[in-house]
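Remarks on the structure that follows.
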Amino acid sequence: MAGAVIVHHTTRYKTYPGEITGIVVFACLIASVAGCIFGYDIGLTSGLTSTEPFLVKFFPSIYEEMKKQVVVNQYCKFDSQLLTLFSSSLFLSAMTAAFLAGPLTRSFGRKWTLFTAASAYVCGACLGGVSVNFPMLLAGRILVGAGVGLSIQASPLYISEMAPAQQRGMLNIMFQLMITVGILTANMTNYLASKIPGGWGWRIAVAFGAVPAGVIALGSLAIPDTPTSLIQRGDTATARKTLAQIRGVGDVREEFDDLSTASEDAKAVESPWRELFFGGKYKPQLTFALLIPFFQQLTGINVIMFYSPVLFKTVGFKQNASLVSSVITGLVNVFSTFVAVLTADKVGRRALFLQGGTQMIISQILVGTFIGLQFGMSGTGAISEQYAMCIVLFVCVYVAGFAWSWGPMGWLIPSEIYPLAVRTAAMSVTVAVNMFFTAFIGQIFLTLLCHLRFGLFYFFGGWVLLMTLFIAMLLPETKNVPVEEMAHIWKKHWFWRKFVVDTSSDARSAEMRKRIALEMS
């Protein structure tokens, strides 16, 4: 396999000796469970805030207000900023933890950051499950948020650095797949917990999150750290041994030398944060670090997930309509993510972004139009069964489009494009931006729905159009490009090449040879 090349337009990228091995699959699987605890909390939160015993216990005044309100406008549901702020507290905690994750992963490695994150999550989940007052509940929530923030920063990094370039997309998308599995698991757990007599079933749902977190904690003790991280921390002997082990070959000199060179370049950077924001060399990477997570939260996935219970109930699911809708959309989400798993390394990242984005735009417009024709601006009336069936269809089409485009690609692209010098800092920025806008949109979503009505679907559809054009024009293809050679894609791009400063070792060597030749002449 040595000497083989991958052709990407006019650029030839290396493929290192070796193939995907069992230890790589196992290690990436353990790391990807971080997505499961993130997804579990997304699903858990939506269930908790509609669980009566939970609200009576911790938010009695809000519960009384909810019971008094008579809803006649389908656009304007009960909106408690306090309850929404409680939901958002996890994401705000995760945002704060994401900034700590950068120094942690850089100084102690990806593996031990995952262990720390999982331990914090287990403590938080258990504390939340036994809470007897609001301060206990909030403390558990903050610990869980810290675990989420640390883990979703370290996990995609770990996977991208462990995986061979040819299978990096497939292995990294397991993270997004685990998010969908976590959401679906939480929906099922919420439902089963609600059937427990005595009104304490929510405690089981909250504490159950400790199970996948425990898998990460125990699993992280059994997996190696990434060769990149080991070299960065000076343990070159273990790094070489680990690299040979995960590639399944004895001769890993070429890849090891490239990793070592990247590490030497990274050590020259005293402050990754200052270099990322003010150094001027990483404008393309900084742009994507900020805009990819921002756009991911403006796809409107929250609108669809929120509104689907009403739609499915209209179709005929009179009992447990909320469960049925969440399970159906959850299943579509899970199975559609497999499309990305199977195709990301074949058709490429851009193709999935563009196709999925187009599919989402069309679905958003049609769903908004169908709802507008039935509810109008007043929000009164009912959806006919024929309309509801069409809406349900396009809800599933929309979820599928998200599940193989902005869902997985929103995590894959950031994890693979950053150079080692700023990789941990840039990934922390990506996670922090994602968590901030998750909290922000969650805080204002019900207010937006009440004021924009069915126009909210057009609002998010417009954003999806903008982000699809952004991808079409500005994202170079990263398929099959080794992480340490990713700088080449920016140098070849029609727009970004104007902003790239070449400071690589090869460039410096070439410049030195050129200078010596001029002096000799």
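Glycine residues also receive a Cβ, built from the backbone N, Cα and C atoms like all the rest.
Owing to the predicted nature of the structure, the values given are computational and were not obtained by experimental measurement.
According to TrEMBL, the domain 'Major facilitator superfamily (MFS) profile' annotation covers 27-479. Positions annotated as transmembrane segment by TrEMBL: 20-40, 82-100, 112-132, 171-188, 200-223, 286-310, 322-344, 387-406, 426-449, 456-475.
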Q. Are the transmembrane segment (322-344) and the transmembrane segment (286-310) near each other by the rule of at least 3 C-beta pairs under 8 angstroms (pairs 6 or more apart)?
A. yes
(Q) Should anything in the same chain at least six residues away from the transmembrane segment (456-475) have a Cβ under 8 Å from its Cβ atoms, list it; otherwise answer none. (A) 287-288, 291, 295, 298-300, 303, 349-350, 353-354, 357-358, 360-361, 364-365, 367-368, 371, 406, 413, 448-449, 493, 495-496
Q.
Test of understanding: applying the rule of at least three C-beta pairs under 8 Å (pairs 6 or more apart in sequence), is the transmembrane segment (426-449) touching the transmembrane segment (200-223)?
A. no
Q: Would you report the average pLDDT that the model assigns to the domain 'Major facilitator superfamily (MFS) profile' (27-479)?
A: 89
